Amino acid sequence: MNKKVLTLSAVMASMLFGAAAHAADTRIGVTIYKYDDNFMSVVRKAIEKDAKAAPDVQLLMNDSQNDQSKQNDQIDVLLAKGVKALAINLVDPAAAGTVIEKARGQNVPIVFFNKEPSRKALDSYDKAYYVGTDSKESGIIQGDLIAKHWAANPNWDLNKDGKIQFVLLKGEPGHPDAEARTTYVIKELNDKGIKTEQLQLDTAMWDTAQAKDKMDAWMSGPNANKIEVVIANNDAMAMGAVEALKAHNKTSVPVFGVDALPEALALVKSGAMAGTVLNDANNQAKATFDLAKNLADGKGAADGTNWKIENKIVRVPYVGVDKDNLAEFTNK
């Protein structure tokens with residue numbers, strides 16, 4: 001009787017191992033540069049939601065905690081676990097070459113997302129792709145929004161000099177999105193014939209608390225009453241600026257962000273923010289998951305999808321959001 005029990009146990013264990021092995025055939029390793037980034041939190045949850053609709057896929061999720069060395073170690077572990085594809089949100093875009101060499105060693109395809117690797121890095125591996133946005137587009141659209149509202153609100157021009165006196169909260173220095181948004185928002189305004197004067201510019205590293213501190217310092221400085229527009233590279237920093245302005249009883253100063261986070265959309269609705277730019281987290285997540293799953297299954301990256309791949313890159317478009325079209329992006 002004991003032998004029969006042991007034999008049955010062995011068979012069941014074998015079946016369970018087989019099921020686990022089968023599940024491992026569609027394992028996809030994912031790293032997020034840090035879980036507590038507002039925007040990447042939305043992307044992460046959207047990827048997890050997409051994966052739930054594909055029961056044959058098992059995601060192995062990792063929080064890299066803004067540490068590239070930690071992320072490299074996580075990738076080593078994922079490869080050791082036999083993942084069939086990697087979806088990597090780099091901590092440092094300059095580390096793409098190192099990550100690619102790890103993946104190449106196991107012949108594992110890789111989809112980078114949100115933080116764009118260099119062209120050289122992407123071209124170095126035939127199984128490397130990128131999902132993201134055209135960084136300069138977000139700056140251009142933000143500039144268009146500011147120009148639209150500047151024209152509609154002549155009272156914003158506090159000193160009546162026809163020039164926008166602005167402060168700008170910048171994201172991570174060197175990050176492609178931060179650099180492009182900072183450059184192109186002002187370029188677009190100037191291209192439209194609007195003169196600008198920078199009163200302050202500093203990094204707040206995409207972070208609400210840091211942005212609040214920066215804005216608070218500016219509102220306590222000599223230019224406090226000259227600020228006509230606040231420009232932020234993302235909504236998290238815009239929200240920090242809103243908090244600081246409220247504390248200084250300056251809620252009439254318009255604030256513009258990027259991402260169209262739910263919290264920011266609520267601020268646009270209330271008037272605390274003048275506008276934002278939709279950084280389409282759901283479609284970036286879906287494209288990342290679709291490409292990674294196809295590659296894990298040995299298919300072409302875009303097979304059976306509507307994604308357009310150009311030079312190994314999927315670009316998800318941005319959309320400007322203000323009160324005029326807010327309803328399109330809420331209650332979904």
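Any Cβ shown, glycine's included, is placed from N, Cα and C.
Listed features, source Swiss-Prot:
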type	residues	note
SIGNAL	1-23	signal peptide
BINDING	Asp37, Asn114, His175, Asp177, Arg181, Asn234, Asp259, Asn279	beta-D-glucose binding site
BINDING	Asp37, Asn114, His175, Asp177, Arg181, Asn234, Asp259, Asn279	beta-D-galactose binding site
SITE	Gly97	site 'Interacts with membrane-bound trg signal transducer'
BINDING	Asp157, Asn159, Asp161, Lys163, Gln165, Glu228	Ca(2+) binding site
Spatial neighbours of Asp177 (beta-D-glucose binding site) that are distant in sequence (at least 6 apart) but have CB under 8 A: Thr133, Ser135, Ser138, Gly171, Asn233, Asn234
Neighbours of Asp157, Asn159, Asp161, Lys163, Gln165, Glu228 excl. site residues, C-beta within 8 Å of centre, Ca(2+): Leu158, Lys160, Gly162, Ile164, Glu197, Lys226
Inter-residue C-alpha distance, Asp161 (Ca(2+) binding site) and Asn114 (beta-D-glucose binding site) (nearest angstrom): 39
Whole-number Å value of the largest CA-CA distance among Asp37, Asn114, His175, Asp177, Arg181, Asn234, Asp259, Asn279, listed as beta-D-glucose-binding: 18
Structural state of Arg181 (beta-D-glucose binding site), classified by DSSP into three states: helix
Three-state secondary structure, which DSSP defines for Asp37 (beta-D-glucose binding site): coil
Rounded to the nearest Å - Cα separation of Asn279 (beta-D-glucose binding site) and Gln165 (Ca(2+) binding site): 26
Among Asn114, Asn159, Gln165, Asn234, Asn279, which are binding-site residues, the residue with the most C-beta atoms within 10 angstroms of its C-beta: Asn234
Any further residue of that chain within 8 Å (Cβ to the Cβ centroid of Asp37, Asn114, His175, Asp177, Arg181, Asn234, Asp259, Asn279) of the recorded beta-D-galactose site: Phe39, Ser138, Gly171, Ala178, Trp206, Asn233, Val258
Secondary structure at His175 (beta-D-glucose binding site), reduced by DSSP to three states: coil
